[in-house]
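Note sheet for the following structure.
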Amino acid sequence: MKPLIAIVGRPNVGKSTLFNRLVGRRKAMVDDMPGVTRDRNYADVNRFDVPFILIDTGGFEPETSDRLLQQMREQSQLAMDEADLILFVMDGRDGLTPADVEVVEMLRRVNKPVFYVVNKIDGDRQENAAGDFYSLGIEQIFTISAEHNRGVNDLMEEVIAALPNKTAPAVDEEVTRIAVIGRPNVGKSTLVNRLLGVERVVANPTPGTTRDSIDTYFNCNKKRYLLIDTAGIRRKGKTTEKIEKYSVVDSLRSIERADVVLIVIDAEEGVTEQDTKIAGYAFEAGRGCIFVVNKWDAISKDNASMGIFVEKIRMEFKYLPFAPIVFVSAKTGQRLGKIMTEVDSVMEQFAKRISTSDLNRVFSKAVEEHHAPLYQGRRVKFYFATQVGTKPPSIVIFTNRPDGVHFSYERYIINRFRDAFGFTGTPMRLLFKGREGRKRG
């Protein structure tokens with residue numbers, strides 16, 4: 001399990017600038033997929049060959065204008081509760097503020113690494129002006145300019161050295177790992193209890209990697225499954241005071257460890273922006289995805305209602321057209337059996353491997369029927385394709401212009417592979433590599 005680093009601080013101190021600096025320019029295919037939120041406030045980062053999840057808590061601030069100190073308290077509480085390491089950012093141009101001082105006092109009581117960062121220090125003149133911050137009595141303060149990349153590498157070397165070693169517990173590869181994610185009060189807790197209770201599980205709780213986490217094994221139709229962080233789902237499902245926008249943080253750890261993710265949506269409330277944000281991370285993490293529309297029993301409906309709701313999901317989650325949709329009532333148990341049927345189906349596709357000959361038969365025909373657009377006035381040539389991984393299915397395509405393949409053509413190729421081989425419920429990864437040789441089309 002990857003460690004989680006939270007960036008906290010009052011608005012406009014440069015949290016987002018530091019976040020973007022550390023994330024860098026993402027080259028993943030997802031960047032060009034329609035519907036994926038561009039203003040992400042969480043990301044997978046690899047620094048000095050160490051992977052971690054980075055959270056910009058500034059992105060979780062309420063849109064309405066609340067009191068500044070209240071916002072800072074909420075951000076800091078989030079960091080203290082969820083993160084493995086905290087970067088507390090202050091503004092070197094504004095100087096030390098009373099709000100900064102209060103949060104520092106809160107962070108002194110945290111039993112995890114805290115790094116105190118003074119941003120917007122662009123040169124020696126600003127460095128000298130940052131002396132006020134040393135009055136906090138903190139042993140080490142890092143002065144940086146996130147905008148100009150000054151001091152950032154030195155900071156991150158220390159941060160990486162301080163990260164805890166997050167080793168995930170060994171899990172039987174034959175077990176399908178399921179994460180249940182969604183906004184507060186969509187019925188995750190009831191759904192989990194139903195799944196465990198209906199299947200008459202004899203649970204063997206094992207400690208997970210998250211705080212107070214319990215993973216629960218259960219059996220269904222002679223197969224073994226692992227529900228991730230069931231204690232966390234139950235506990236957090238009862239917490240009403242937690243700000244809704246923070247709920248995405250609760251999902252990150254579970255998604256990282258899952259094979260298949262159940263994205264729970266409230267039928268009464270419909271699809272919200274937060275739903276798309278949480279689902280987007282499951283997609284980017286490359287997990288099998290199933291939409292579970294809960295509370296279907298609680299709404300007035302007619303013969304067209306289900307079709308209308310499906311269209312709404314497909315419109316709002318354009319990057320997940322392959323994900324099955326199940327309509328259930330966790331409260332009554334209606335259609336719950338359909339969930340496990342879909343889990344088995346998605347897991348089979350998630351781990352599917354296609355032979356190179358079959359793959360190239362479909363690929364060659366796709367290229368012949370629809371050539372790639374010209375790149376810098378030259379034709380993009382393709383040589384062959386081969387599957388290099390599963391969970392999710394990952395395919396390398398050799399070409400003379402790996403940078404010249406438009407994202408729309410990537411989608412075309414993926415859709416042709418899906419038409420031929422299925423891959424229902426699972427993302428697919430395409431990687432284009434350069435090679436000279438005999439072309440396929």
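Cβ from N, Cα, C; glycine included.
Copied from Swiss-Prot, the annotated features are:
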{"type": "BINDING", "residues": "9-16, 56-60, 119-122", "note": "GTP 1 binding site"}
{"type": "BINDING", "residues": "182-189, 229-233, 294-297", "note": "GTP 2 binding site"}
{"type": "DOMAIN", "residues": "3-167", "note": "domain 'EngA-type G 1'"}
{"type": "DOMAIN", "residues": "176-351", "note": "domain 'EngA-type G 2'"}
{"type": "DOMAIN", "residues": "352-436", "note": "domain 'KH-like'"}
Using K188 (GTP 2 binding site) as the reference point, find which of the binding-site residues G9, N12, K15, T57, I121 has the shortest Cα-to-Cα distance to it. T57
Looking at the binding-site residues listed here (G182, N185, W296), whose Cα lies nearest to that of N12 (GTP 1 binding site)? G182
Across the domain 'KH-like' (352-436), DSSP yields 32 helix, 22 strand, 31 coil
Arithmetic mean of per-residue pLDDT over the domain 'KH-like' (352-436): 94
Spatially closest candidate among G182, N185, W296, the listed binding-site residues, to G9 (GTP 1 binding site) (Cα to Cα): G182
So if I draw a 10 Å sphere around the Cβ of I121 (GTP 1 binding site), how many other Cβ atoms end up inside it? 24
For G9 (GTP 1 binding site), the number of other Cβ atoms found within 10 Å of its own Cβ: 25
Count of other CB atoms lying within 10 Å of the CB belonging to N185 (GTP 2 binding site): 15
